[in-house]
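Please find one structure pasted underneath; my questions will follow.
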Protein chains: 2
Amino acid sequence: MTQVFNFSAGPAMMPKEVLQQAQAELLNWQEQQTSVMEVSHRGKLFMDLITQAEQDFRQLYYIPENYKILFLQGGARGQFAAIPMNLIGKKNKALYLTSGHWSATAAKEARLFCEIDEINILDQDPELKINRLDFSDIAEQYDYVHYCPNETISGVEIFDIPKVGNTTLVADMSSTILSRKIDISQFGIIYAGAQKNLGPAGITIVIVREDLIGNARQETPSIWNYAVQAKSDSMINTPPTFAWYLCSLVFKHLLKQGGLEGVEKCNQEKANLLYQYLDESSFYKNNVVKNNRSLMNVTFTTGNDELNAKFVAEATKAGLQALKGHKVLGGMRASIYNAMPIEGVQALIQFMKKFEAENN
Amino acid sequence: MTQVFNFSAGPAMMPKEVLQQAQAELLNWQEQQTSVMEVSHRGKLFMDLITQAEQDFRQLYYIPENYKILFLQGGARGQFAAIPMNLIGKKNKALYLTSGHWSATAAKEARLFCEIDEINILDQDPELKINRLDFSDIAEQYDYVHYCPNETISGVEIFDIPKVGNTTLVADMSSTILSRKIDISQFGIIYAGAQKNLGPAGITIVIVREDLIGNARQETPSIWNYAVQAKSDSMINTPPTFAWYLCSLVFKHLLKQGGLEGVEKCNQEKANLLYQYLDESSFYKNNVVKNNRSLMNVTFTTGNDELNAKFVAEATKAGLQALKGHKVLGGMRASIYNAMPIEGVQALIQFMKKFEAENN
């Protein structure tokens, strides 16, 4: 049986150890003879689980004490709406820095709720590259500034943190959360759908500085009102308990792996290996400038649609799954989130070499 | 090892066969050597799953063709907000029929978005009883009329469908969906959190008549805009794929059990058995008038808080879990959703008899 590696951009690969534990105890969690998904979210055992999960996540990601952590429903797309509902205040205007599909989609959703200014920080000539990130001269006109540090579709990552003076900085970190160390204290809010580095689809983490809680406008659904959820342990209604449980197992797994330092080092190694090979090859091309290459989503193309399709088909047969690029961009994309072992990247490169030799 | 029965009100017991199948294929779904929670929601295999799930659910619940079925995030509490956002129109006012905690909570949330009139249809003297349900004389003032056919906390069920003339009728069926046959065509919208009869917490089903789609106000988050989600197969963003998968297994399981007729007959038998015993006993009391006794949530009390606590503690030890009543009401509550086998109810009654004999 060929070993399979899943390069899906999300829902993405989960750590195998986590799935194995979930499988082993699926019908008998904590000696209760019931599944974790069948027990009350307000029972002692589940409350213990979420307390530990929060502790582990705080420790892993170095989250300062003046930040609350919420576990919500609705995905990052839900937060695209919740952010303006909770943050728009006296200035009645927000600034969205756009760098690709997801930051632009966040801006579009926010426009449903307030006035939005948009600045495209992506330079596309000759390669995808992020422009200047200092907005301290204009930021004070806005209630907040929003950006997306990793554009999953194009594979563009923004490593520098935008300068926004005293204005609140908000980041959609769905595809970069827990992949590397970041200075949380520079952000007002960080949010992320779980389905890349945290757990399965269906749960969304919001890290929010306490002073930003409590200013939601009246017409904010309770489940997204940060004040309501912060006061209720993210349980104003029944939470997605099984997804929460899986996140808790992922946190434990990452701590065991040496925490964020170990994770970041491994992610660097994986990405370096793949980009180095891409740069050496004259057959494949990655269109992102070196300083903005994503650690999580590596895009590449042969420059020929037919050949790309052949690549994806043969890779799938060889056990390298979900390498087709997003339809917006075409080509190929290898998502190498935390759960992807370095062996997966090595197997991909080996296959790429073979394909190059056969098709050059 | 004592056999355990879980009477949790939600997240509730799941069919054992469903959990066993989920366990068996958790790391290798459809021979993909990956988990169903790791594959793309837009891949062919997952799209086939949701197509089949919708077909099975339509067949099970006799859903007419002019209704769309949406699988969303946010729980029923999310829909408490989404309903007014999607339905409030020219009349700018809705009527909420309240009969307990959940219908009142729905009304409170809706008030964030529009003007709400409320009519309490619950008579509490001497027993919990639903009053008249004909609102055809006043309904046309409203964009819609909302009610909750089963109040999970008090165990009150409303079997008759309110008369509202040509006005849209909306029902929160979280704890009654798929428990018995109902004439869908009398409703504009039926919605339900999954965690009682459909699957795990974290996915919400909305059955919506097509003519009600497309009138959402501008400030409606995309993930709850019925038009947007109907056009996107409920995939405007990454859906809670694992929860959706479990729902699909539950639907298959119910069809194998003989569909809704079989399910309803079994639910009737379970409830009859328990209520009959309660009526014969002078030790326990259920406070709901016979015509409004819930098939799903059976509340009872010894009339003595200390004795109730002793009951719950000893029952737990005997493998009868989660019988403590909701804190709002106290006493005991046995939630006997579809997944509870009749053996569970029999075991409960046996325990109740023993406890009565020992403590009377």
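Backbone N, Cα and C atoms are what each Cβ position is placed from, and that goes for glycine too.
Automatic, uncurated: that is what TrEMBL annotation is.
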Taking A:ASP56, A:ASP123, A:ASP134, A:ASP172 as the options, which does TrEMBL list with A:ALA76, A:ARG77, A:TRP102, A:THR152, A:GLN195, A:ASN237, A:THR238 at the pyridoxal 5'-phosphate site?
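According to TrEMBL, the candidate sharing the pyridoxal 5'-phosphate site with A:ALA76, A:ARG77, A:TRP102, A:THR152, A:GLN195, A:ASN237, A:THR238 is A:ASP172.
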Using a Cβ-Cβ cut-off below 8 Å, which of the recorded positions A:ARG42, A:TRP102, A:THR152, A:ASP172, A:LYS196, A:ASN237 are near chain B?
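Qualifying residues, whose Cβ lies under 8 Å from chain B: A:ASN237.
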About how far apart, in whole Å, are the alpha carbons (Cα) of A:THR152 (pyridoxal 5'-phosphate binding site) and A:LYS196 (N6-(pyridoxal phosphate)lysine)?
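Computed Cα spacing between A:THR152 (pyridoxal 5'-phosphate binding site) and A:LYS196 (N6-(pyridoxal phosphate)lysine) is 10 Å.
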If you measure A:ASP172 (pyridoxal 5'-phosphate binding site) to A:LYS196 (N6-(pyridoxal phosphate)lysine) at Cα, how many Å is it?
13
Taking the residues A:ALA76, A:ARG77, A:TRP102, A:THR152, A:ASP172, A:GLN195, A:ASN237, A:THR238 listed for pyridoxal 5'-phosphate, what is the greatest CA to CA distance in Å, to the nearest whole number?
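Site span for pyridoxal 5'-phosphate, by Cα atoms: 31 Å.
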Roughly how many Å lie between the Cα atoms of A:GLN195 (pyridoxal 5'-phosphate binding site) and A:ARG42 (L-glutamate binding site), rounded to a whole value?
25
At the level of the C-alpha atoms, what whole-angstrom distance separates A:ASN237 (pyridoxal 5'-phosphate binding site) and A:LYS196 (N6-(pyridoxal phosphate)lysine)?
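Roughly 24 Å, rounded to the nearest whole number.
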Near A:TRP102 (pyridoxal 5'-phosphate binding site), which residues of its chain come within a Cβ-Cβ distance under 8 Å, counting only those 6 or more away in sequence?
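Correct list: A:ALA76, A:CYS148, A:GLU151, A:THR152, A:ILE153, A:ASP172, A:SER174.
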